[in-house]
Structure formats: C-alpha cells, structure tokens
Amino acid sequence: MARDNSTIILAGPEEGLLTQKQFMYGRFVLKFCLNPALSVCVLSTNIVNMVVFYKMGLKDGVTQNFFILSLSDGTWGLLALAYNVSYIMWQSNARGGRLSTMTVAMVTSAGVNLPMNVSMVTTVVIAVVRCCCVAMPLQVKHVITARRQLVVIAVCVAFMTGAFIYVALAYKIVWRHNPHVNRSQFMLEFTEDILVRISFNDIYRGILFNTSMCVTVVCIVILVISLRQSSRFQTQASVSSDTEVNQKRTAGFSNRDRQVVKTVAVVLVMFTLGNVPSVLWSVLRQVVPGFRVMGRYERSNELFYMFSETMGVLNAGTNMFVYYFYNTRFRTAFLAVFQRKE
C-alpha cells in the first residue's frame with residue numbers, strides 16, 4: 001500500500017519521544033538480540049515440556065492441558081524465531097532467493113498470531129477449570145472431564161483457525177519483479193477487501209485478548225484466596241486435637257491439589273505480567289494522539305510494540321521453570337527423563 005510521504009517523520013528529537021538513533025539502539029537490543037535468543041529458549045523449553053508431560057501420561061486434564069499449552073507455545077517459538085531471523089535479514093537488506101525476506105517476515109509475523117491465540121485460550125481453560133475444582137470440587141469433579149476440556153479447546157482452536165484463514169486470504173503470494181533487489185521474487189499482494197479483514201481481525205483479537213485477561217485476573221484472585229484458606233486450615237489442623245474436624249477440613253484439598261493450584265496460579269501471574277505491555281500499548285494507541293504508525297510518536301509506538309513482543313515470548317519460555325519448581329510430579333518426571341543414570 002502506498003504511503004503519503006508528506007506525513008513521514010523526517011528528523012529531530014523534538015518531533016517525538018525518541019530520536020532516530022535512540023530508536024535504532026532500542027530496536028537492535030530487542031529485535032536483533034533479545035527476541036531471537038528468547039525464541040530459541042521458548043522452542044527448546046517447550047520441547048522439553050512436551051517430552052516430560054508425555055512421560056507423565058496425558059490421562060488427566062491438568063497434564064493434558066499443559067501439554068497442549070507447551071505445544072502451542074513451542075509452535076509460537078518456532079514461528080517467532082523464523083520471523084525474527086527473516087526480519088533481521090530484511091532490515092539488513094539481504095537480497096533473498098526466490099522468496100523475498102520481507103515476504104517471509106510478513107508471513108511469519110502473521111502466522112505467530114494463531115499459536116499465540118491458542119496458548120491464550122488454553123491458559124484460560126486451565127484457569128477456569130482449576131477455579132471450578134477449587135470452588136465447587138464435588139459438583140464439577142465428574143462434569144469437567146479431560147475429554148470435555150479437550151473438546152472445548154478443540155472447538156476454540158477450530159474457530160480461531162477459521163478466523164485466521166479468513167484474514168490470511170487477504171494476502172496473495174505472487175511471482176513478480178522486486179525493484180529493491182532488481183530481480184523476480186515471490187512477493188505479497190493484497191486483495192481489495194484487506195482493510196475489512198484487518199478490521200475484523202483487530203476486533204476479534206481485541207475481544208479475545210481483553211476477555212482472556214479479565215478472566216485470568218479473576219481466576220488469580222480466586223486461586224490466591226483458596227491457597228490462603230488452605231494454609232490457614234492446615235495451620236489450624238496442626239494445633240487442633242480434634243482429628244475428625246481436621247480430616248473434614250483437609251480432605252478436599254490434598255498436597256497434590258495444592259501443588260496444582262500453586263502451579264496454575266504462578267503460570268497465570270506470569271501470563272498476566274507478560275501481557276501487561278500489550279495492554280498498555282493498546283491503551284496508549286487509543287489515548288495518546290500520534291502514538292501510532294505515521295504519527296508523531298511512531299518510533300515510540302514501534303519500540304513499545306517490540307517490547308511487548310519480547311515480554312510475550314519471555315512468558316512463553318518461563319513455564320518450564322514454574323513446572324519444575326512448583327510441581328513435584330513434573331520435577332520427578334523431568335529428572336527421570338534427563339538425569340544421567342550412574
């Protein structure tokens with residue numbers, strides 16, 4: 001799409017929060033250094049997660065859902081790595097072969113959205129299921145089965161895949177001459193209704209993201225309250241002589257349940273913190289005039305978006321450490337798989 005050159009920011013630190021030099025330094029750190037390294041970390045740690053969860057068995061809903069989350073996060077890491085590498089090549093003026101580096105960067109950038117959305121929905125399913133098990137253990141024990149949780153995730157993934165395909169059909173890869181490298185390459189072209197499809201994508205992802213964040217925050221509060229109550233009951237049980245009362249208080253919240261709740265709570269907190277920059281970026285775009293592409297604060301907008309990408313990828317790569325330190329079953333299976341036998 002052609003740009004109006006009259007609106008391009010020419011120069012001058014007074015025309016925005018960042019100078020061109022500051023922006024280039026920030027982009028180098030985030031896009032050329034941190035993001036590629038974190039993408040490798042996300043891919044490798046989630047491969048480990050999948051191996052360990054498979055070793056644990058996928059019969060119960062908790063392990064099954066964490067396996068799905070690891071699969072989507074690992075796919076996210078793979079596409080993010082491809083995107084970052086192609087972006088670096090594009091910005092470094094690499095010519096590319098039959099496929100232009102800009103085309104690869106744009107395609108992989110769009111492709112990252114699908115596994116990112118799957119991870120988001122899976123995290124919400126994990127949160128809601130655990131909250132229901134804590135708040136209404138007897139009522140939902142035989143209702144929210146592992147198979148039904150899988151069906152819910154599968155339906156959501158099918159819907160998101162359909163939405164992704166609808167938006168992706170606005171892009172066409174065609175063979176034509178690329179004047180920037182003076183050769184023919186596969187390049188991107190856009191359909192006439194691309195703006196309609198992009199608007200649909202913005203609304204759909206906005207609803208999905210904001211709903212997921214709200215549900216996650218509510219679930220964190222419920223899980224934290226349940227953990228505090230469990231700790232209080234456990235303390236009372238240790239000093240009370242009424243064995244029958246103690247058994248009633250602790251029967252519904254075993255040590256394994258407590259570990260699962262802690263693991264889910266920490267994962268949700270990490271998920272929320274990792275997405276706070278994205279929330280702030282969306283808010284700034286709405287309330288700050290010029291905080292957008294081709295606006296007065298274009299550099300700040302782009303750099304903040306890169307930072308939100310970094311935090312999102314960082315969140316996807318830290319789950320393995322949460323599982324290891326907060327879940328005894330995962331730690332035991334991890335050591336069984338990777339510890340050297342004497």
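Just so you know, glycine gets a Cβ as well, placed from its N, Cα and C.
Marked as transmembrane segment by TrEMBL: 28-54 (among others).
Look at TrEMBL and you will find 45-323 tagged as domain 'G-protein coupled receptors family 1 profile'.
Under the heading transmembrane segment, TrEMBL lists 66-85 (among others).
Sequence-remote contacts of a segment are chain residues at least 6 beyond its ends whose Cβ falls under 8 Å from one of its Cβ atoms, and for the transmembrane segment (150-174) they are 64-65, 68, 103, 106-107, 110, 113-114, 117-118, 121-122, 125, 186-191, 193-194, 197-198, 200-201, 204, 208. According to TrEMBL, the transmembrane segment annotation covers 150-174 (among others).
Annotation source TrEMBL lists transmembrane segment at 207-227 (among others).
What TrEMBL records for 264-284 (among others) is transmembrane segment. If you look at the transmembrane segment (264-284), the same-chain residues 6 or more away from its ends with a CB under 8 A from one of its CBs are 123, 126-127, 130, 206, 209, 213, 216-217, 219-220, 223-224, 227, 291, 301, 304-305, 307-308, 311-312, 314-316, 318-319, 322, 326.
As annotated by TrEMBL, transmembrane segment applies to 304-326 (among others). A Cβ distance under 8 Å defines the sequence-distant neighbours of the transmembrane segment (304-326), meaning residues of its chain 6+ beyond its ends; these are 26-27, 30-31, 34-35, 38-39, 41-42, 45-46, 48-49, 52, 66, 69-70, 73, 76-77, 80, 116, 119, 259, 262-263, 266-267, 270-271, 273-278, 280-281, 284, 334.
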For this session: For the domain 'G-protein coupled receptors family 1 profile' (45-323), would you mind checking the mean pLDDT of the predicted model?
Result: 84
Seminar exercise, completed: Per the Cβ under 8 Å criterion, with at least 6 residues separating them from its ends, the transmembrane segment (207-227) contacts 117, 120-121, 123-124, 127-128, 130-131, 134-135, 160, 253, 258, 261-262, 264-265, 268-269, 271-272, 275, 278-279
